[in-house]
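*Asks:* Under the heading active site, thioimide intermediate, Swiss-Prot lists CYS183. As annotated by Swiss-Prot, active site, proton donor applies to ASP190. The substrate binding site annotation in Swiss-Prot covers VAL80, GLU81, SER82, HIS222, GLU223. According to Swiss-Prot, the NADPH binding site annotation covers SER82, LYS83, ARG251, GLY252, on the basis of sequence analysis.
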Amino acid sequence: MNPEHSPLGKATVYAAQYDASLLFPIPRAGAREQLGITSALPFFGTDIWNAYELSWLNTRGKPQVAIATFYVPAESPNIVESKSFKLYLGSFAQSKFDSVDAVRDVLKRDVSAACGASVSVQLVSAHDFAKLEMDELDGLSLDRLDLDTDVYEPDPSLLSAADGENEAPVEETLVSDLLRSNCPVTGQPDWGSVQIHYVGPQIDHAGLLRYIISFRNHTGFHEQCVERIFLDIMHACKPVKLAVYARYTRRGGLDINPFRTNYNQPMPDNARTARQ
């Protein structure tokens, strides 16, 4: 299914009852082919979706609320278009379920089917909301740099690294809050923070920040932008290890946080940032 045929940017009709058919899958293959990925993936990872507007009725008709987190594997053939996800979650509002576990099971079944892979689902009920953390991405801020730039479309030529043959490899974690891209269907801006951890030749910090800023007028889904960042850094800077993690601000009660890496490591922290 193409994004142009999704509910995004169209008049909305809100379902009165639970409806799994509202989920609109979008194949990853098209965007990945544009990045030159036609066979085995050069990374693995997860897309972490947090849903803050989930509610349903218990068997006695009393509303229940929860925050849901979905872990979608990067190797899944599809992503779910975000507005369709919002409408799907909204369809739970007037439907009765026996328990929180029953809701979780339905969410896992439906979203896994739409994505074409097993999706993990966690629900946090209202009585546990106080346990949820807020934190900023760890790392050295690139935004501290005072620089000029005038490139606002992705330009990998801005990236460079030290000569790997003559310089010792370094290990760094770098962060920026200046990531912005735009929805390819509606043109609405998507605001994000990005964390880049690598081992390899020293990456030029000013060039990396200019590169991140260069996404400012780019149109692409969150997942596609992170994969492009990963591939451009791999090609231009040739790190031995690389992990890219972005946390985008929420829209329609959902935030999307893609993570891509080429080495084994724990799942990144899902603590929301202040802007989320």
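Each Cβ is built from the backbone N, Cα and C atoms, and glycine gets one as well.
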*Asks:* Please give me the CB contact count at 10 A for HIS222 (substrate binding site), counting all chains in the structure.
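*Replies:* Result for HIS222 (substrate binding site): 23 neighbouring Cβ atoms inside 10 Å.
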*Asks:* Determine the C-alpha span of the substrate site listed in the record, that is the greatest distance between any two of VAL80, GLU81, SER82, HIS222, GLU223, in Å to the nearest whole number.
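*Replies:* Of all Cα pairs among the recorded substrate binders, the widest measures 12 Å.
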*Asks:* Within 10 Å of the Cβ of ARG251 (NADPH binding site), how many other Cβ atoms can be counted across all chains shown?
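*Replies:* The answer is 17 other Cβ atoms.
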*Asks:* Counting distance between Cα atoms, which of the recorded positions SER82, CYS183, HIS222 is nearest ARG251 (NADPH binding site)?
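*Replies:* Checking each of SER82, CYS183, HIS222 against ARG251 (NADPH binding site), the shortest Cα distance is to SER82.
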*Asks:* Take the mean position of the Cβ atoms of VAL80, GLU81, SER82, HIS222, GLU223, the recorded substrate site. Which other residues of that chain put their Cβ within 8 Å of it?
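*Replies:* So the additional residues around the site are ILE26, ASP47, TRP49, ILE79, PHE85, PHE221, ILE256.
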*Asks:* Rounded to a whole angstrom, what is the C-alpha distance between VAL80 (substrate binding site) and GLY252 (NADPH binding site)?
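*Replies:* For VAL80 (substrate binding site) versus GLY252 (NADPH binding site), the Cα atoms are 14 Å apart.
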*Asks:* Please report the Cα separation of GLY252 (NADPH binding site) and CYS183 (active site, thioimide intermediate) in Å, rounded to an integer.
*Replies:* 13
